[in-house]
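Annotated features in TrEMBL:
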type: REGION; residues: 58-85; note: region 'Disordered'
type: COMPBIAS; residues: 69-79; note: compositional bias 'Pro residues'
type: DOMAIN; residues: 88-171; note: domain 'Galactosyltransferase N-terminal'
type: DOMAIN; residues: 178-253; note: domain 'Galactosyltransferase C-terminal'
């Protein structure tokens, strides 16, 4: 077989140089191969950066599905105890939680990095409801307040499915009164003027002045509206962010209602009761037991998981069960 026929046979069998190497003319030396390896490495890093969930919104705007894979976090920032640039206050980040583990894995490292960059001393508390009653966000926040310890002097009532994207959002000590980070002008879903849900900061003194939140709200919704009335009744003024220009893209909302249904069922007299102000209950009568308390790290970010067993008086609030 002649040389020309041998070359044709190699091409038919797929032989010869790999397609990528054919982009380079003539015989390859070591330098072009080294250059090619560098280009491939750079392309891989760029793809990783674009495909993971950094700290800004994607071109499509707010996120409503399962969170993207978080970027590998840098080494967590741990402030020295005597470092004055971090300030004297310490935040207890209270996260009511039940069975949203994919959101939790994104939330803890993200918030730890976000707050550390802002030099805010903080501790994240995951308040995991493990009883068989309906979810009670307000009672879990009461429990988190009572269990957060004396080394924290203010709290953030923080939904696990809401991540701040704008680094100018203020999480500092709210000395002047409750500070609503997820204000109606910025929250991707809720825009009425009395809304105080999502992310709300209060000093511990102000939270006690309100007697915490009502324990009567089992299932989803309305506990924040009742707490707004408590804030006003305590003579406090809700403050909100100013100078934030990112609008409804200020936060990443991880919740996907298509596959995670909210418990919006109204049972017995719950439909009428949900609009009333609870003038007796709150921090003073929340009934619970801590099944376990575990300190752990999520992608290098520290947090404490409290497995909480709430109790319910079915004569007082029969809608706490699914029956």
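Heads up, the Cβ atoms here are built off N, Cα and C, so glycines get one too.
Residues of the domain 'Galactosyltransferase N-terminal' (88-171) grouped by DSSP class, helix first, strand second and coil last, total 28 helix, 23 strand, 33 coil. Per DSSP, the secondary structure of the domain 'Galactosyltransferase C-terminal' (178-253) breaks down as 20 helix, 11 strand, 45 coil.
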